[in-house]
């Protein structure tokens, strides 16, 4: 769901340190190449003096070892289940080896480039600013200007680049290079004002009249009744819930107070949140900037040196912290094809780093449905995960040859779970509104996990961490949704059915059953 691709090109004259002289040549090997996406068109050649902020992703010291520990601590029944890694333990796996840093830095120095600096949560990136002419020569690339067809995004990218053969083991990818990422896809909410809310007085009265049923809209009380969620508050200070915000979308304190007053009068209206800023993100409504509130709002601005809307930057920021949020929910994302495989894998690995440390990461699935906005299907990049093999194979056996050739049946299947996302009642600008989308579903499910984590921590247990092996081992802990579909690509889409399906996953949460499965 990322749309604004932020490579940064600067006019010549800003400070950088590149000495003259032809780069030293070594035997080169293509690291990545692609065809021009059909949604971009060539728009010209940039000046050779244009500066690019380049990032070189360095190979982790022991990613296979980290992946093994990740699965060990995330799989119920494993002897290491729940024994999440510390920051130092994670760094030992994820940091590049000293010889990797020295080898790549030495090559840059040979070519007159001495302005590189290490960045990232584990010093796993080299950042530098150099002219396009130098980038082209250094990486056997041909950077050009490309414009999104019918869209606002303009990029300087190359369709291929190479690195020295002897550095292939040390360099994971170069950015910006072959990625054509469009603007972030934010919460796509179907919005309607609650009937009768033409004035604040009427709006307030309407909100007060919301019944315990779900006939008017999805309220906290409705969700409690649907899923068996308790009304008791969380108690553990270490059990924090992170909510990411992009595209200048922020929580509003006045709206939060009205929401609590009308829909959760049992919670003090003084309840607030902690603010963290990434890439110049802000919060004009001024949430608390320090404290031990249970919710942390992570505001991501538009100054994104990662080039993919801040998605790497937010995780690098989180992974660099000694104490992580126990749950992180995000209602934004990309289309998979906007990313190349190398950067998609790199991004996936950043989530694995936080999962290995005990954070549950949840995303809205986007354009899917057992409502027409629900998005599910199969990845073209990632193979099906072992934990979901049985569930997905069962579904595919009932699907048969339907849509054959239109999707990757061996790809990672999604979504994993579902939650209400239609006519969810919020307060926005002092007005109650009904909104719809999986951007509602993700924070609802994240809240359920946060409450279960609170019970586990209270009982002296670890948080759930990476959820999926636990979820697929306990399909009976969900209310199965067996009707509906997710139309798309000129078809009726996949259909919901008994068990897992690519419309609603395993189903919606049954709090009591999930709590029992979690051992509390």
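Here the Cβ of each residue, glycine as well, is placed from N, Cα and C on the backbone.
Since we're looking at a predicted model, the values are computed, not measured.
As recorded in TrEMBL:
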| type | residues | note |
| --- | --- | --- |
| BINDING | 480, 481, 499, 501 | Ca(2+) binding site |
| DOMAIN | 128-520 | domain 'Peptidase S53' |
| SIGNAL | 1-21 | signal peptide |
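A map of TrEMBL features onto the structure.
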residue : record              : Cβ neighbours (10 Å)
480     : Ca(2+) binding site : 19
481     : Ca(2+) binding site : 19
499     : Ca(2+) binding site : 18
501     : Ca(2+) binding site : 30
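Within 8 Å of the centroid of the Cβ atoms of 480, 481, 499, 501, where the record puts Ca(2+), the same chain has further Cβ atoms from 478, 482, 496, 497, 498, 500, 503, 504, 505, 506, 507.
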